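Below: the structure, in structure tokens.
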């Protein structure tokens, strides 16, 4: 899998256009698209749309053989001749998507991509500490901003992109928006990557350089956290209510609104003597020793068999 790390550098905040509802809707739509297309097959309709589009810059990959070859998107792209394999120690002059980077990919990198291309590191997320990033040499290491994975292995997880998703994200951020669909269309679930991340790509796409991308990312994450906190507070308001206050859950009754218990329903019932005749009917013996058949009385009587 390609290594992606969320950048934490500061910057000026930008307004986030997305909402939790639109994010959830896009997430659901992306999942439906993945299921509908299948996990491994390519999308024939989308491939037709990109048939006349070519990638005129190199794509490369350091393969550490950590991943399952059958699930590795980078190896599939290599088998298709779209990606070139790099050896450890081999230098790459284009953008290198690596945690060693200090800047995010942005439109400012367009010329570097045009001349030298993009490279990713195919390694396992569980073995990052064993990955020799220092042997993947180049002058342009870059980070990718916060994005949600839609590959079948890590669907819905932030910042755990596959190789093809990392390539596509870097292309889009550098300004090659048509070319990124060429490689995504090799996978049935590929287009769902842009469906789920629609709001984020719109925000990042409006940025001019790495500093603005980082600032936009931070503003977005703060907005998500704020919405999460507001939902938590709202939930607590519904579960921790002052039932004696002026406002309370209308579906719950205060103690003063509850119906009287059986011991309270007939305050004089303790003085009345209950008898049962030979037919099993309950007889109430009033204070004046007159009998009343409980089954014929209109008065409410608290009685338990």
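Positions of Cβ are set from backbone N, Cα and C atoms, glycine also.
The following features are taken from TrEMBL:
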type	residues	note
BINDING	73, 121, 144	S-adenosyl-L-methionine binding site
COMPBIAS	1-16	compositional bias 'Basic residues'
COMPBIAS	40-49	compositional bias 'Low complexity'
COMPBIAS	248-260	compositional bias 'Polar residues'
DOMAIN	58-91	domain 'RNase L inhibitor RLI-like possible metal-binding'
DOMAIN	95-221	domain '16S/18S rRNA aminocarboxypropyltransferase Tsr3 C-terminal'
REGION	1-49	region 'Disordered'
REGION	240-270	region 'Disordered'
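Largest Cα-Cα distance over the residues recorded as binding S-adenosyl-L-methionine, namely 73, 121, 144, equals 18 Å.
Neighbour count (other Cβ atoms within 10 Å of the Cβ, all protein chains): 26 for residue 144 (S-adenosyl-L-methionine binding site). All protein chains shown were included, and the count of other CB atoms within 10 Å of the CB of residue 73 (S-adenosyl-L-methionine binding site) stands at 29. Take the CB of residue 121 (S-adenosyl-L-methionine binding site) and look out to 10 A: across all protein chains shown you find 25 other CB atoms. In terms of DSSP secondary structure, the domain '16S/18S rRNA aminocarboxypropyltransferase Tsr3 C-terminal' (95-221) contains 62 helix, 15 strand, 50 coil.
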